[in-house]
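In Swiss-Prot this protein carries:
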BINDING   ASN261, ASN263, ASP293, ASN301, ASP353  Ca(2+) 3 binding site
DOMAIN    160-267  domain 'Cadherin 1'
DOMAIN    268-382  domain 'Cadherin 2'
DOMAIN    383-497  domain 'Cadherin 3'
DOMAIN    498-603  domain 'Cadherin 4'
DOMAIN    604-717  domain 'Cadherin 5'
MOD_RES   SER96  phosphoserine
REGION    863-883  region 'Disordered'
SIGNAL    1-25  signal peptide
TOPO_DOM  160-724  topological domain 'Extracellular'
TOPO_DOM  746-906  topological domain 'Cytoplasmic'
TRANSMEM  725-745  transmembrane segment
Amino acid sequence: MCRIAGGPRTLLPLLAALLQASLEASGELALCKTGFPEDVYSAVLPKTVHEGQPLLNVKFSNCNRKRKVQYESSEPADFKVDEDGTVYAVRSFPLSAEQAKFLIYAQDKETQEKWQVAVNLSLEPSLTEEPMKEPHEIEEIVFPRQLAKHSGALQRQKRDWVIPPINLPENSRGPFPQELVRIRSDRDKNLSLRYSVTGPGADQPPTGIFIINPISGQLSVTKPLDRELIARFHLRAHAVDINGNQVENPIDIVINVIDMNDNRPEFLHQVWNGSVPEGSKPGTYVMTVTAIDADDPNALNGMLRYRILSQAPSTPSPNMFTINNETGDIITVAAGLDREKVQQYTLIIQATDMEGNPTYGLSNTATAVITVTDVNDNPPEFTAMTFYGEVPENRVDVIVANLTVTDKDQPHTPAWNAAYRISGGDPTGRFAILTDPNSNDGLVTVVKPIDFETNRMFVLTVAAENQVPLAKGIQHPPQSTATVSVTVIDVNENPYFAPNPKIIRQEEGLHAGTMLTTLTAQDPDRYMQQNIRYTKLSDPANWLKIDPVNGQITTIAVLDRESPNVKNNIYNATFLASDNGIPPMSGTGTLQIYLLDINDNAPQVLPQEAETCETPEPNSINITALDYDIDPNAGPFAFDLPLSPATIKRNWTITRLNGDFAQLNLKIKFLEAGIYEVPIVITDSGNPPKSNISILRVKVCQCDSNGDCTDVDRIVGAGLGTGTIIAILLCIIILLILVLMFVVWMKRRDKERQAKQLLIDPEDDVRDNILKYDEEGGGEEDQDYDLSQLQQPDTVEPDAIKPVGIRRLDERPIHAEPQYPVRSAAPHPGDIGDFINEGLKAADNDPTAPPYDSLLVFDYEGSGSTAGSLSSLNSSSSGGDQDYDYLNDWGPRFKKLADMYGGGDD
């Protein structure tokens, strides 16, 4: 319970009563209260308490004020309180009922303000079942008395007693239901009351844990409790009459579940991994292991202590590490961590509750794996004091020597990787050392060409060190040194020209045979006494030759600055110098001839063609000059007209505009349209000057008002060249040949088509209403024809041959016809096909011949034919019903048919 110093003692009793009633109705204060947050602190202890044993921890709330609070116990002979609120036993003694309850006081050192809290200590339950309490031993909780009115003011009477919380150990073995307290109202003497409890654990989940006898008010627990699930139950007790009317205000009943040490500590990880650099000093932090206990952390059951059970390996000391028993921090306690000897340590860590009490505490273990990390405590060391190598001269990017070192540090780490450098013997920087990342070897490499004639041997001083500096306190030198002897091998080198290119200045127009200069190549291998010969490699204009022995260059043609092979007045030629070494080597040199201009080109008129009108007005011709020479052998130019022929100066006049341009105009008033060649004399400014008569083709044409030639004149004036005319004629001839070939091909195709039509089966020739009677159904049933009957019979007597008369095909025959009729007028071919073909040819040759020659015999259909006689087929109508006069218009071949159908009764 807490008391506020300087409380409102001067306030009216009514205000105090109202304020206290309001606070009790709300159940809690909204503002922070200085003091103990709990009304009662409880702990479960063994029967025997040892001296110095921590019992529990009480907390004090300062409300964020910097108060200096001093604790003291109401039983100082048995208990003391530390500054952090931990309660210790002053002496060893068996815990009795008298010592199970005491008070703890907290006093502000500055204001002397004082607070107190009750402490209840409970004995651990024995393994045997607790005996049932006698009825007279059951505690009672009586409802407080109601407020009474005195003199018009409310006044609360004192309670019979303060309702303390009920402490109930977890995991109780019963028997159940186990009686706790009896709830009673002092009005049960006059009324018949009924008691009940509400809240979590009674009528709210988890329901049925606490029950009350409605008549006697006996409150009981029905099952063992588990503090790790619910540490406190808050119930409300009610008292009503038999009609259900409330008799007493509900009272709060708090049931604290007293913690039992029923949970072992559990590590957050079964295996913990940490690391520490080798060579670390004692006290170096390594890692932290953490375990948790589900029991009450404010009681001994949840207070853990750590310790190291074992260390493997145990070298160089079995106790290389220690652990803070409260925080779990692992630190080093001994020197001598060396990764090259021991790379990893394995520790077995134990966590025990009850503050590490080995007798009562529960424990658990975990593994801590500590890796010793590498530091640079071993410098690289060369495996030899001197290394040897050789390199051909003028070679670069060649590995000369391979430097090897040893390093005991962890491979492929900055403490193991070697860095090489050349500390002496290479003032010009011709060598470099690269590090092989796999083997850590140093590769001595040539980075600049070496001349054998200048340096035949190098002695290099090299050093090797790690990428990171050595760790502090290491006695070894930070680097290792060695020497490298490099021998240079002589090789045949290329001859070279100096200078290259060689530039000379000469005037153009030099005659052939003129000696220009001498190209001389140098041989770097002066100790080999080799001969050099010269050849021409590139001479675009073929103007030069070179002496193969002494390198003299002579012209073989006239040098011309205006040649297309000369660029910017410079002519380039390339020559080759070769020695007779083994193997032979060669080098190239370039000769650049800067050609000086002379006045060797006469100027020409530009443009070479122009047009003007028939009259002097309204336009004129502007001309200029083209000279391939350069100043001072070019412009300014002089323009003039020649004296002959006389018509030139009579018809034309020229006026100089400036040094580069002149103007040509008609001198006469009218010049007939046409093309005129006007010679113009142009003179340059060379010394001596050079003149030229250049022809300007001028087209004189009719002009419009704007001074432009009309289209008619342009068309008339346009001329075709001979080549163009020949090409046009060739195209016309080829076109005519193609047309002729196409006509011949068409004629030939028509003849072939006509010949094929003569052989067309009459079945395909259907004209108007001409019917075909040679088709009698789905084909002949008898396919065994006697082809000999279709041939000319030789055994028939002449008097037996009876001519066949011409008759209508749609009329029944009047008399019986012979079975095998024979054409008497037919020749005697051996096959009926030949007979038909000959008849067709005769009809084609004689257009006036009647068509009966092509009549076929249809009355023989083979032996055994089931077809009836064709004469049995009657026409559906008489011949007079139809008009067949149009058959006369079909030509001679249908004349017979026209007579048969169009001749009436005849």
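Each Cβ is built from the backbone N, Cα and C atoms, and glycine gets one as well.
Structural mapping of features recorded in Swiss-Prot.
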{"residue": "ASN261", "record": "Ca(2+) 3 binding site", "DSSP (3 states)": "coil"}
{"residue": "ASP293", "record": "Ca(2+) 3 binding site", "DSSP (3 states)": "coil"}
{"residue": "ASN301", "record": "Ca(2+) 3 binding site", "DSSP (3 states)": "helix"}
{"residue": "ASP353", "record": "Ca(2+) 3 binding site", "DSSP (3 states)": "coil"}
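For the Ca(2+) 3 site, the Cβ centre of ASN261, ASN263, ASP293, ASN301, ASP353 serves as reference, and the other residues of the chain with Cβ at most 8 Å from it are ASP259, ASP262, ARG264, PRO265, ALA294, ASP295, ASP296, LEU300, GLY302, MET354, GLY361, LEU362. Counted with DSSP, the domain 'Cadherin 2' (268-382) comes out as 6 helix, 51 strand, 58 coil.
Cβ-based crowding with a 10 Å cutoff singles out ASN261 as the top-ranked of the binding-site residues ASN261, ASN263. The domain 'Cadherin 5' (604-717): residue composition by secondary structure is 13 helix, 51 strand, 50 coil, according to DSSP.
Within the same chain, residues at least six positions away from ASP293 (Ca(2+) 3 binding site) with a Cβ under 8 Å of its Cβ are ASN263, ARG264, PRO265, GLU266, ASN301, GLY302, LEU304, ASP353. Secondary structure by DSSP for the domain 'Cadherin 4' (498-603): 0 helix, 48 strand, 58 coil. Of all Cβ atoms in the shown protein chains, 25 besides its own fall within 10 Å of the Cβ of ASN301 (Ca(2+) 3 binding site). DSSP states for the domain 'Cadherin 1' (160-267), grouped as helix (H, G, I), strand (E, B) and coil, give 0 helix, 51 strand, 57 coil.
According to DSSP, the domain 'Cadherin 3' (383-497) comprises 0 helix, 53 strand, 62 coil.
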